[in-house]
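Asker: This is the feature table in TrEMBL:
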COMPBIAS  919-931  compositional bias 'Polar residues'
COMPBIAS  935-948  compositional bias 'Basic and acidic residues'
COMPBIAS  949-964  compositional bias 'Polar residues'
DOMAIN    26-139  domain 'Cadherin'
DOMAIN    140-253  domain 'Cadherin'
DOMAIN    254-361  domain 'Cadherin'
DOMAIN    368-472  domain 'Cadherin'
DOMAIN    473-576  domain 'Cadherin'
DOMAIN    577-683  domain 'Cadherin'
DOMAIN    687-792  domain 'Cadherin'
REGION    919-964  region 'Disordered'
REGION    984-1016  region 'Disordered'
REGION    1053-1100  region 'Disordered'
SIGNAL    1-24  signal peptide
TRANSMEM  804-828  transmembrane segment
Amino acid sequence: MALAKLISAFIPLFVFIASRYVLAQTGGTVTYSIPEEGVIGEVIGSIITDANLDAKYSSDALSEMRFQFLTDPDITIAIGYESGVLRTNGRIDRESIAGCRHSETCEVSLDIAVRPIQYFQIIKVKIEIIDVNDNRPQFDQMLYEHGLKESTSVGNSFVVPSAIDPDSPMNSVQAYRLRPEDEHGEQIFALKVTRNLDGTQRVKLQLVRPLDRETKDQYAMLLQAIDGGNPAETGSIEIFINVLDSNDNVPEFSNSSYEVTIQENIALHSTVIQVQAVDRDIGDNGIIQYTFSQQTKQAYGHIFDIDPDSGEIFIVGKVDHEENTLYNLMVTAQDMGPDSEPTDTNVIIRVEDTNDNAPEITVNTLTASGTDHAEIPEDSPVDTFVAHVAVADKDSGQNGQFDCNLNDNAFRLLRTEYKNNYQIVTTIVMDRERMSQYSLALRCQDHGVEPLMATQHILVDVSDINDHAPAFSQSSYTASIIENNYLGASVITLNASDIDIGPNADIRYTLSDNVADVFAIDSRTGTISARSMIDREQVSQYRFYVMATDSGSPPLSSSASVVVMVEDVNDEKPLFTEDSYMFSVKENEEPGTLVGTVTATDADGPPYNEFFYSFVQGSASTNAFMIDPKSGKILTRQRLDREIQPVYHVLVAAKDKNSPNRFSSTASVTIFLNDSNDNSPIFDYPTPFNNTIYISNKVPVGYNITRIRSHDPDTGPNGEVSYEIQSGNAEALFVIDPDSGIISTNDVLSEVEYKLSRLQVVARDHGRPKPRSQFADLSIVVNKSIPYHPYGERQHGILSNQNLLIVISVGCGCAVVVVILIVAIVCIRRQDKINRTHRYNCRMEAIGRLTTKEVIGQDVEKASLQDPCLNEKEEVHKLKDAYYTETIRSDKVTAPSPKIPCKKPHDVQPVHHRDLDQLSTHSAEGSNTDSGRGPSEEGDRHYIDRRGSSSLSPNPRSTHSSLGQYSTPTYSYYPHLKAHAAAHSYSSNPPQKLRSFAPEESSAGTTPTEAGFSDLSPCVELQGPYIRPARVLPAHGNGGAGYVSRAEFQNSAFSSHGNENGGLQGSGLLRHSEDVKANGSPSSPRIVPPSGQPGKGVVV
């Protein structure tokens, strides 16, 4: 045992000494081994010695050799430019080198180039980094608590945290130790360490003695992890075991391992695979949580993640086939119950290569001018070395295979002994006078299905025997110019000098062709100016070369790079990425719900590319939404209802913050509301007022009784309705079709004499997650007495809609008839109106032709028939006890005046309004509405004018007055005629009754009482039809006297008036046409005095 410990102590020292020397040199590759964390500047080895260069070349040749790395090494080492000695150049940490963490071996490969050209070769070097125990085991937590039921059986174990050591497996965690190991000399828990599938260790504590919580409810111990170093490093964690007052099933994966292949260009957050485990326990003991093992999480947690609830493994970082072609993940499933036991499974993820890498070209011209600029003398022979080229493609298979070629036949690619390494050599003898510079384009294209190409440009200058070329003061220049410049604006002046003299120092400046259309250069001064107006949004900077060529023979030239930065001005408006946007949002969402995001960009640079979003003023629907001015997020302003408005259209604007009115753009946004199940079905039938159906008990099984109808304002499944009989169908006599809603018989009803079934029908939509429903009541009466017609079934059941159609048709027909009748009545009334106007005009003409002499000298009846305008038979009525005593002079009529004694009327009684019109066949009973066949009862009023000549105004409230149809007719007054307006009307045919009238104001503003018409006694009876009150106008210069200007017939009486002394002051003829007797409604008559003597007049 002591010997073994001694040997193990000398092993690291032996390794350290051996690493100071070259271990092997095979196949042209030099191999070294060095420990990590060595001294900076420590010698690794000499390329001259270890690559046997000292055996191949003389000491003089060795002194001319120069050494350099072709590519930058992965570790901090340096090589002597002349000596070829490799040294460490900084701290070397094995665990930080890609692919070396936890690895058994760690190697770094280098390519060292030897030059000049005549000694050119590439030496491959491999350096093995030997691990030292520079990391101690670490737990990811300082304290761990675990609950354990006191009923836990002896022998049960549970997992405790394990430690991580990034050193190599030899120096990583080797063992664990538990302190204290026992309690009062008796061991309670035993340490049990197993190895996982991925090589890591799992630490468990196993119960070796029963627990008694009442005796002790907590155990404290220290778990130590010990690595394999010498001396060993340790890490520890405190563990507290809480004894709880009892999970007998562990989760079981559906597969022992999982394997899946993904593309390396898989999108972030894509699901790779879902692992699934089941636990037959219930409650927390059956709820499974999925996690990666600690090793997996540390190694691949930046690429993969797992949903703890579903077990879905998804992408969180970039997967690159070129870095790793296979990932081995260990997933742990553990329930949430106490004393849970985890279960592991392996998930192998293979990354399938896609052609996502173009070939990478590395050019080294071995010149100080750079990797893309070579120079050879013009007298160089064929196959002169120009540059070294190394090409690599990270893809695999055909995607990693490639071909390379040059664009100029003056050069060719020469393969070297190393794979994918080439030399560019000449194929002709260079002639600087013919070509002073070559611009080579090296193109390499891979063999992928969609091949990728890389291009590397190389400038090859051919030097002249003229030994000094013009030289610029600096190799590169930087200048700036403001965009939208004026033509000829100065940019920068370049200055080149040539140490030659004479023509060889006469320098001319030229620009590279790529900016010839943009810039110009003064060949003498080297001043660069703008040839055109520059737009920064098109090109933000220009990179080009300026060539300076001397005038020697042959001339020499050189070039300098120029970078011209274009300064920005605010000349671009924000532009939306799309002209129109379409978003959708669910209805009834809370205000502030995100609808979508519009995006705009401003091609200007800061600060001119700042802008804000807004709705266009006046845009519809902006009251329903709001927009974040910075992010362009459109949010709801209120709860939205799809059934009110399903689609919204808004116009958004992006406005420049510096010039919002000058630089802005708009885009249209259409927002669709997605339906949510917020409406219950609505019954169209049955309704509370229409819910009873009567059927015969003789109807057959399957007889369609009626159809339930409803509608749902929602759309899609939310608006689809199914029907069901909820209750009232205990005997299952009826059945309903859930889709159509048709209720039909489900059993024979012949044994039912009378039965009332009150069904409760439910209409339920198909909404998710919870459908909505509505209930309705339907009564079905089965009656034996109702006949059943097998061929007329449709008339009693479903086709009751036809009866409704018949009722609607009959109603429409009746409406048409009523409209026709109304039109006919209107036409008849209009015709009657025209006829009345005609009769009135005829009577006015007759009044103008009559003379008193002719009337007195003739028979009264004859005189009345001589009216040439009348075309109807006239009836004459005589005034009783009238004789003439005086002569009345007027402008037109002279006749003796009769002396008329006053005679009391007999059997005269006053009556009221309704009794007055008892004989009318056309006037409306009990109504003051015109009958349509004569003057209105309400329309006639007394208009009194006490002036010498008066204009009679038509009664404004009578729509049927004859006077009302003409404009203000004028009448002459006849002196000495004293007719007074009576306070009552009389009838000559007993028992007709008297109708009283209340006089209204006259046109002159006085009432009949004021004009001397009060307390007048009736003094005349008339034979014939009853006459309604006439209008009386006062005669000129005679207060209280006047003539009757209008009398309206109602049935069969005429009103005459006496003076204050009771004497009869008027007589005359009353004429009216035949329709007086038939209808009681002639045109309005008038009493006109026929002579200059009072007491005589004719009613016309």
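Each position is counted from 1, following the chain as shown.
Using N, Cα and C of the backbone, Cβ positions are placed for all residues, glycine too.
These figures come from a predicted structure and were not determined experimentally.
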Asker: What stretch, picked from 26-139, 577-683, 687-792, has the most CB pairs under 8 A with the domain 'Cadherin' (368-472)?
Answerer: 26-139
Asker: Take the domain 'Cadherin' (368-472) and average the pLDDT across it for me.
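Answerer: That stretch averages a pLDDT of 86.
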Asker: Report the DSSP secondary-structure composition of the domain 'Cadherin' (577-683) as helix, strand and coil residue counts.
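Answerer: Per DSSP, the residues of the domain 'Cadherin' (577-683) fall into 0 helix, 48 strand, 59 coil.
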Asker: Just give the helix, strand and coil counts over the domain 'Cadherin' (473-576), going by DSSP.
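Answerer: Reading the DSSP string over the domain 'Cadherin' (473-576) gives 7 helix, 46 strand, 51 coil.
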